[in-house]
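Visitor: The following block contains the structure, expressed as structure tokens.
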Amino acid sequence: MIISSTNDYREAARRRVPPFMFHYADGGSFSERTLERNVTDLADLALRQRVLKDMSQLDTEIELFGEKLAMPAVLAPVGACGMYARRGEVQAAQAAENKGIPFTLSTVSICPIEEVTAAIKRPMWFQLYVLKDRGFMKHVLERAKAAGCSTLVFTVDMPTPGARYRDRHSGMSGDYKEIRRALQAVTHPFWAWDVGIKGKPHTLGNVSAYTGKAVGLDDYVVWLGENFDPSISWKDLEWIRDFWDGPMVIKGILDPEDAKDAVRFGADGIVVSNHGGRQLDGALSSARALPSIADAVKGDIKILADSGIRNGLDIVRMLALGADATMLGRAFVYALGAAGKAGVENMLDIFKKEMHVAMTLTSNQKISDITRDALVDLSKL
């Protein structure tokens with residue numbers, strides 16, 4: 001099929017990846033209203049077209065936490081990413097490196113930290129959940145540190161699992177899930193060969209290394225459910241701040257007061273995020289939450305944003321709302337599931353070209369030029 005957008009990659013991934021994995025990435029929580037609004041609230045923002053400005057020296061590069069990025073985007077942490085392509089985390093990390101941006105490895109990745117870092121030269125980022133098992137947290141932080149991970153992304157919006165009803169329908173969870181997955185694999189032969197057979201082991205590499213036994217997909221949901229910690233507070237993060245030498249980013253901020261708390265805590269960055277609509281359905285979209293957060297803490301802390309970004313225009317919109325950079329999740333997973341490393345590289349090329357178009361036609365030559373002036377206030381029309 002012809003590929004020219006994230007939507008095309010989504011459709012290609014839907015055809016190639018079995019439903020239990022496709023819908024795990026594609027779905028949200030409850031009725032998926034926040035998932036929907038993440039996309040529509042961002043896409044509905046009108047860009048302010050300006051013309052007859054010299055855009056011949058247009059530049060999408062930025063510096064973030066001492067790293068140079070070819071564009072203001074980071075590949076976000078996605079659990080079980082290695083189930084979308086053979087050793088998928090490695091392929092995605094290599095694609096990000098080739099295109100000049102960081103890759104973030106999830107705590108619950110298929111490929112362990114050491115396998116991914118051995119495959120790339122650029123230091124990757126590492127994401128950590130708040131878990132009851134502090135021994136695991138310390139263990140995995142030590143490994144990330146030893147492997148040269150540059151930035152820690154600490155996810156704080158999962159003190160409890162979200163109610164992801166679609167997973168029960170798709171076979172990711174629910175009755176007879178093993179049989180349903182096996183039948184789905186039979187009807188998706190390319191995936192069954194490339195990932196199902198040649199992509200083994202299908203265990204959570206970082207968790208298995210700690211427990212000393214294989215922790216697979218069936219154990220994944222149970223292990224996470226048992227280890228989410230609803231008692232977590234800012235005080236519990238202090239030992240992590242003391243232990244981690246590099247930049248620390250708090251992911252899952254939707255309220256200005258929480259953003260101010262992150263500044264007081266000493267975090268280097270925040271990610272304005274609702275977990276892609278996978279946690280609290282009914283929460284604000286990131287596009288709606290971002291402006292007030294930027295008003296509260298812009299300049300005091302680096303602001304990243306995710307959830308709902310489907311093209312390069314959306315990146316420009318997030319920057320105009322106050323973000324310093326963005327994180328891309330579903331978009332790269334669709335591309336990875338559809339075409340592996342080459343798909344992710346092509347998707348990033350598409351996003352960069354779309355950014356060039358948006359920046360040229362809004363007359364913003366550098367990323368630092370993009371402000372809310374790049375948007376049209378439709379309420380005044």
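Numbers here mean position along the shown chain, with the first residue as 1.
Keep in mind that glycine also has a Cβ here, set from the backbone N, Cα and C atoms.
In case it helps, Swiss-Prot gives these features for our protein:
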- 1-380: domain 'FMN hydroxy acid dehydrogenase' (DOMAIN)
- Y24, Y129, R164, R278: substrate binding site (BINDING)
- S106, Q127, T155, K251, 306-330: FMN binding site (BINDING)
- H275: active site, proton acceptor (ACT_SITE)
Visitor: For D314 (FMN binding site), which of the recorded positions Y24, Y129, R164, H275, R278 has the nearest Cα in space?
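Guide: Of all the candidates listed, H275 is nearest in space.
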Visitor: If I take the alpha carbons of Y24 (substrate binding site) and H275 (active site, proton acceptor), what is the distance between them in whole Å?
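Guide: So the alpha carbons of Y24 (substrate binding site) and H275 (active site, proton acceptor) sit roughly 13 Å from each other.
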Visitor: Tell me, if you would, which residue among R310, R330 (binding-site residues) has the fewest other CB atoms within 10 Å in the structure shown?
Guide: R310
Visitor: Over the domain 'FMN hydroxy acid dehydrogenase' (1-380), what does the predicted model average in pLDDT?
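Guide: Across the residues of the domain 'FMN hydroxy acid dehydrogenase' (1-380) the model's pLDDT averages 94 on the 0 to 100 scale.
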Visitor: Counting only residues 6+ apart in the same chain, whose Cβ is under 8 Å from the Cβ of D306 (FMN binding site)?
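Guide: D306 (FMN binding site) has long-range Cβ partners A76, V271, V272, S273, G276, S286, T326, M327, L328, G329.
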Visitor: How would DSSP class Y129 (substrate binding site) in three states?
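Guide: The residue in question, Y129 (substrate binding site), is strand (DSSP, three-state).
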Visitor: What is the one among the binding-site residues S106, T326 whose Cβ has the most other Cβ atoms less than or equal to 10 Å away?
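Guide: Output for this query is T326.
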Visitor: Among Y24, Y129, R164, R278, recorded substrate binders, what is the largest CA to CA distance in Å?
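Guide: Between the most distant Cα atoms of the substrate site, 18 Å.
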Visitor: Rank aside, I only need the closest one: which of the binding-site residues R310, M318, R330 has its C-alpha nearest to that of R164 (substrate binding site)?
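Guide: So, spelling it out, the nearest of the binding-site residues is R330.
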Visitor: Provide the number of Cβ atoms within 10 Å of the Cβ of D314 (FMN binding site), excluding the reference atom itself.
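Guide: D314 (FMN binding site): 26 neighbouring Cβ atoms within 10 Å.
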Visitor: Where the distance is taken from Cα to Cα, which of the binding-site residues R310, M318, G322, R330 turns out closest to R278 (substrate binding site)?
Guide: R330
Visitor: Report, in whole Å, the straight Cα-to-Cα distance of H275 (active site, proton acceptor) from M318 (FMN binding site).
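Guide: Between the alpha carbons of M318 (FMN binding site) and H275 (active site, proton acceptor) there are 16 Å.
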Visitor: According to DSSP, which of helix, strand or coil covers R278 (substrate binding site)?
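Guide: Going by the DSSP assignment, R278 (substrate binding site) belongs to neither helix nor strand, so it counts as coil.
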Visitor: Do any of S106, H275, R310, G322, R330 (recorded positions) have a CA within 10 A of Y129 (substrate binding site), and if so which?
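Guide: If one measures from the Cα of Y129 (substrate binding site), the recorded positions that come within 10 Å are S106.
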Visitor: Determine, using Cα-Cα distances only, which of these binding-site residues is closest to H275 (active site, proton acceptor): S106, R310, G322, R330.
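Guide: Ranked by Cα distance from H275 (active site, proton acceptor), first place goes to R330.
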